[in-house]
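In TrEMBL this protein carries:
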BINDING   Cys93, Cys96, His97  heme c 1 binding site
BINDING   Cys238, Cys241, His242  heme c 2 binding site
DOMAIN    223-382  domain 'Cytochrome c'
SIGNAL    1-27  signal peptide
Amino acid sequence: MKKMKFAPTMVAAAVATVLVAGCNAQATKDQAGMSAGDKAMAAAGAGTSGPPPLAPLGPPPIPPDNQQTPEKIELGKLLFFDPRIGGDASTGCSTCHEPEQGWAWAEDFSRGYPGTVHWRNSQTVVNSAYFPRQFWAGSASSNESQARSAAKGGVAGNGEDDIMEARLALIPEYRARFKKVFGTDYPHIFDVWRAISSFERTLVQRDTPLDKYLLGDKTALSEEQLRGKALFEGKAGCIQCHNGAITSDQNFYNIGVPPNKRWEEDGLAQITFRFEQYAKGQTEEGYRTAKSDWGFYYRSKNPGDKGKFRTAPLRYLAYTAPYMHNGVFYTLEEVVDFYDRGGFDEEGRTTLFPETKSPLIKPLGLTDDEKADLIAFLESMSGEEILMEKPEQPPYAPLFTKAELKAAQEAK
Ligand code: HEC
Ligand code: HEC
């Protein structure tokens, strides 16, 4: 029912923008919901080139100015698990990226800084080393810049650089480790992000049934998974956006994810939702009326980008439910049903921005068996769970002994 209701709106929006074209070709394209990715796919349909095939995952790229060393990785691991990297020393990276919850947080919205709930789903840090665009709307371009935003963001770590540096300065083990790794007398916050990133670059899962299959082991996928792969690459059309080794074209699309009802029903969620509208530079009109996450729009400020998000990578999915930027789907079954309906949930809800919804998302007509095959194939991208014991936090100690302080006093 709802599907039919939106179809004419989309056509009308496209026609309307074509009529006002001329002054702004960019706006025309985007108003019609065609992102760079949509356009590339349209071209592919016209026979120029297809989407890149799925490929085995190679080693992650290492930035030349932040080479991996065992000491740096070990330091980064300590820092990742240390809640003193954050505001009130309770909320560090691992607080919202729990190894046992897929290195994410198993609720629709992530837990937030004390007193808040986050407004987006916590993403896994596994394989983040590969993504040139990080966060749901791609607002960070490296692990280094991502870590900084995470530790300082108001509803995430909410940390102050000075305080975090001061804490590290009063922990002898950190002073010694930073000195060894970075050569500084005192830990610099900038190096904290570098060390954490080095650790994250070790959290990769390359050894999945899909990788084994793509590397030549034809027994690595079951019959069911092979049928799922054919659907993924054919009838279900997933490959159009989820492609290449990282299973994401890193483009932005509105696939029709409906708003999370908690924004209307849960006071704390509502507060963060409003706060984020303001923090992300929403227009006044948008601030007053927004009822869902505008996604990539906050960054581009282009109305054609409302409700668009980075194509989510599909590796390690088996451990990272719930799904989507706002965690509205708790199982892969729900996700596949959503795509099968052409981007509608079981109540017929879809995006509040139908005008930007990707034309690539349409009813698929999958049978129950085909849905099961597709899910089996999605599971072949996950591999073994990566689990790790949390390291002990090195203790504080005063910078100077009483005797040293007394001597300094007397020398004055
Ligand atoms: C209060 C919870 C919270 C804390 C603390 C937190 N994160 Fe996150 N993390 C999230 C959420 C939620 C997202 C998605 C946010 C968004 O897209 O706006 C995210 C996204 C990420 C991503 C992006 C992954 C991808 O696929 O693009 C990485 C990497 C990451 N966090 C690492 C870290 C690191 C490193 C720290 C510590 C410095 C940290 N996080 C602290 C909740 C948290
Ligand atoms: C038009 C591009 C496009 C197509 C086609 C597409 N996806 Fe997606 N997919 C996305 C985007 C964008 C997201 C993130 C959306 C959001 O959070 O609002 C996503 C998210 C997902 C997620 C959630 C991942 C997570 O970590 O939460 C799964 C699972 C998924 N897609 C599977 C599929 C399957 C299966 C198909 C084929 C039936 C498919 N996708 C087709 C673009 C696409």
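Cβ coordinates are placed from backbone N, Cα and C, and glycine is handled just like the others.
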Quick one: pull the CA-CA distance for His97 (heme c 1 binding site) versus His242 (heme c 2 binding site), whole Å only.
24
Contacting binding-site residues, sequence order - Cys93, Cys96, Cys238, Cys241, His242 vs ligand 1, Cβ under 6 Å:
Cys93, Cys96
Using a Cβ cut-off under 8 Å and a sequence separation of 6 or more, which residues in the same chain sit near Cys96 (heme c 1 binding site)?
Ala104, Trp105, Ser110, Arg111, His118, Ser122, Ala156
What binding-site residues in Cys93, Cys96, Cys238 place CB under 6 Å from ligand 2?
Cys238
Any idea what the model's mean pLDDT is for the domain 'Cytochrome c' (223-382)?
97
Rank the binding-site residues His97, His242 by how many other Cβ atoms lie within 10 Å of each Cβ and give me the one with the fewest.
His242
Given the recorded heme c 1 site (Cys93, Cys96, His97), which additional residues of the same chain have their Cβ within 8 Å of the Cβ centre, ordered by sequence?
Phe80, Gly92, Ser94, Thr95, Glu98, Trp103, Ala104, Trp105, Ser122, Val125, Ala150
So how many other Cβ atoms are close to Cys93 (heme c 1 binding site), meaning within 10 Å of its Cβ?
24
May I ask which residues of the same chain, at least 6 positions away in sequence, place their Cβ under 8 angstroms from the Cβ of Cys238 (heme c 2 binding site)?
Leu231, Phe232, Tyr339, Leu374
Would you count the other CB atoms within 10 A of the CB of Cys241 (heme c 2 binding site), including those on all shown protein chains?
26
What does the structure give for the C-alpha distance between His242 (heme c 2 binding site) and Cys93 (heme c 1 binding site)? Integer Å is fine.
27
